[in-house]
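Annotated in TrEMBL:
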type    : residues               : note
DOMAIN  : 285-451                : domain 'Helicase ATP-binding'
BINDING : C513, C516, C555, C558 : Zn(2+) 1 binding site
BINDING : C522, C525, C542, C545 : Zn(2+) 2 binding site
DOMAIN  : 550-704                : domain 'Helicase C-terminal'
Amino acid sequence: MTRIGTVVEVIIDSPGLALDKPFSYYAPEHQTASVQAGQRVVVSFHHQHKAGIIWAVRPNEEITDNMKPLLDVVDEQPVLTREQLELAEWLCTRYVCTLNDALSAILPGAFRVKGKMTVRLGTSVDVPDDVLATPLWKYVADHSPSVKEVSAKFGRTGKAQLDAWLEHGFLVQHLAIQEEVKASVKNWIVAEKPSSALLAAAQNREKRARRQADLLRQLAESDRGEIEWSRRVYNKGTVAAVVSEGLASVDERPTSRLSWVEVPAAVAPVLTEGQSRVVSRIGMTLDAGKHQTYLLHGVTGSGKTEVYIRSIEATLQKGKSAIVLVPEIALTPQMVGRFYARFGERIAVLHSGLTMGERRDEWGRILRGEANIVIGARSAVFAPVTRLGLLIVDEEHEPSYKQEESPHYDARDVAIRRSETFGAVTLFGSATPSLQALHLVEQGQAQILMLPVRANKRPLPRVDVIDMRDELREGNKSLFSSRLADEIEATVSANQQVILFLNRRGYAASMLCRACGERIRCPHCDISLTVHRQGGQMSLRCHYCAYEEPYRANCPACKEPALRAFGIGTEQIEEALKEQWPHLRVLRMDVDTTRTKGSLQRIVEGFERREADVLIGTQMIAKGLDFPHVRLVGVIAADTMLSVPDYRANERTFQLLTQVAGRAGRAETDGVTIIQTYRPEHFAITASSRHDFQTFYQEERSQREVFRYPPFCEMAVFLASHEDERLARGAASRFERELRRASLPDDVAIIPASPSGIQRIEDKFRYQVVLKYQHWDSVRAVVDGAFRLVKLKMNQYGGACRLDVNAQRIG
Ligand code: ADP
Ligand code: ZN
């Protein structure tokens, strides 16, 4: 006999390829009207209780005999919007990932639920006294345990007893939903009668029920006839008494655990001519309500943030929401502060620094429409806004917008995709746009907007390039050229500040034996150990795994006392500064000094308050910080970035040099930037020293075109890793063979299976295959098929495979 009912497609929360499709369940009678796509559910799957997300609801369908019912629906309202579900599907085809991976990328981990089948006392059957007296009965009554827990505690006989009681109806099974984090709520007491009635009632109780009278009076005098219920002031009994007489009711309302950042409100500055031109252009597009991507190319200090703020105002006026992506929210406290100062509580923030609970509550505020401006790092691109009008990607050139694990999404791609869906404006901003973004402009897919001068009309800093080979020839072996040393002294004695930039943390890059040439490597990874110095104590650390060993002077290979540290790191600069200028106050900002919560903020604020003369830092300091008293920026060694084996090394060098130079002379005086290098003729260095974006761009563009690198193609990088080198190599070769067997378009290039840049990490060998193509659609099906095939097999062998589509780097 067939039945007609509501069929629900569910994506099961479980990693792996095997369950990568929706499974059909039916909605029990009482839930047919309320089930919606995007709700979290618990279902039974192969005798286990699994959490899942409703993918689709199909009413009036045939319910087959083998179909099982939904066990529970967790949410009244969906936690994912329909548009987000479609976005998940798009992520799967764009980046080759499972639906479950895509959904986990979108929905914060704080929403994870688990279903657990428990037993409880039944209510419909009289239970004999001898049963009531058993320890097992008492245990069930007290704990509502799972069957498993009963077996563990009372053994086989206990389990048999339990089954019998269930049979008799003494006990019933119950599905308990365990949420990782619950939404936080606050209770409000709401008046149900006019003030006069409340005051009269209060008078009545003045003698016999003092607290109730207080409550009624406070309620009568409140502005909106409601007060937040603080249990410290009114206990349950007091409130219940008032409620039971119909004078008030209790309303549970969601809130956010995230404590409010108090920032004094700021007034809007008068826009510069350039800014108003850009803002009105964006405003016209917002008015039209059609999708358009803009690239805002504005020099450092040109006032891009103010453009963002005005465009957001225009968006809100249309009743729409805005999302602002920043590379790393912890690195942009100043910018976030500026947004708070202008928009206050309408902002929600999403980033990895939040606790699970805070994240969950912020998500809720966005879903409910209480916050209509979302600021966050990469994953905030998925924020559950329902009327997106503007999506800003600040510092568009930053590599952190690409996720390095599955799904390997690029937030810039997702930004454009979502904006298209909503007919929203995408606004990329940068002082040093990526070649990728400029390519979009060349292709007509984006329009460029320029802010060529600083908002305060100050000139860009003068940049001088120092050839360090000359310094050596003149006998200067210190880390600082004589010019940089002079400028440091001049700047500090003029009571201004210095930033010293070096893109390498630690004390030194490696230890090398000058007798036998041995380099000290990590025993688990194919990489040199980095030298660190903490409180005078030297040690060697691997930056890829947790390995660490004590420093020693003798070479482990030839035993000669000839080990020497090579390659300067930030810790060494700090030491050298203190040696040469003992009175200098120095702060250091790199991964090692900013590990603990709040430490980064302390360094930024300390430097802002001029508690230090010099700030030493890695690329962290290049990201949008605005310190008005910095006169001098020194780049200790520009070469460290050029020598990285990455096709974007020139681009990264140019961007970092330009960005850090832009930290100089932003307010008071003209800035000076000094770049120290052994390759002063390199075009990335010469162009950035002249603020000559065009020359750099033309040169880099033509190199990429000749060697066929993005943006002139897209790359997909397959990587297999296994402790057994043969298996890793085998998987890569197999993937390559599968691709070659298929008939791919002529413009596709397959770079044969080969060891990846770092051949071994954490004892696992790594082999890769790189694919270059013009259109993802032309290779997608083949790549997807080959990847699934090889990955399934590799997982059986205990290895791992990954596929990075639209890869930004190789290996
Ligand atoms: P960018 O992000 O482009 O590097 P910012 O947005 O940080 O630049 O702005 C640089 C400085 O100029 C900030 O101190 C900002 O307050 C100031 N500024 C921006 N716009 C204006 C304006 N219209 N009038 C006066 N000052 C402005
Ligand atoms: Zn290691």
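Every residue, even glycine, has its Cβ placed from backbone N, Cα and C.
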For C522 (Zn(2+) 2 binding site), the number of other Cβ atoms found within 10 Å of its own Cβ: 23
C513 (Zn(2+) 1 binding site) CB neighbourhood, other CB atoms within 10 A: 20
Residue among binding-site residues C516, C525, C542, C545, C555 with least C-beta crowding, 10 angstrom cut-off: C516
Of C513, C555, C558, binding-site residues neighbouring ligand 2, Cβ under 6 A: none
Candidates C513, C516, C555, C558, namely the binding-site residues, that fall within 10 Å of C542 (Zn(2+) 2 binding site) by Cα distance: none
Cα-to-Cα gap, C555 (Zn(2+) 1 binding site) vs C522 (Zn(2+) 2 binding site), nearest whole Å: 14
Residue from C513, C516, C558 whose C-alpha is spatially nearest that of C545 (Zn(2+) 2 binding site), among the binding-site residues: C513
Secondary structure at C513 (Zn(2+) 1 binding site), reduced by DSSP to three states: strand
Count of other CB atoms lying within 10 Å of the CB belonging to C558 (Zn(2+) 1 binding site): 12
Additional residues surrounding Zn(2+) 2, by Cβ distance to the C522, C525, C542, C545 centre under 8 Å: P523, H524, I527, L529, H543, Y544, Y547, I761, E762
C522 (Zn(2+) 2 binding site) to C558 (Zn(2+) 1 binding site) - Cα separation in whole Å: 18
Check: same-chain CB within 8 A of Zn(2+) 1 site center, minus C513, C516, C555, C558: R514, A515, G517, E518, P556, A557, K559, E560, A562, L563
Length of the line joining the Cα atoms of C516 (Zn(2+) 1 binding site) and C525 (Zn(2+) 2 binding site), in Å: 21
Rounded distance in angstrom between the Cα atoms of C513 (Zn(2+) 1 binding site) and C525 (Zn(2+) 2 binding site): 19
Overall pLDDT of the domain 'Helicase C-terminal' (550-704), taken as the mean: 90
Cα separation, C525 (Zn(2+) 2 binding site) to C558 (Zn(2+) 1 binding site) (Å, whole number): 22
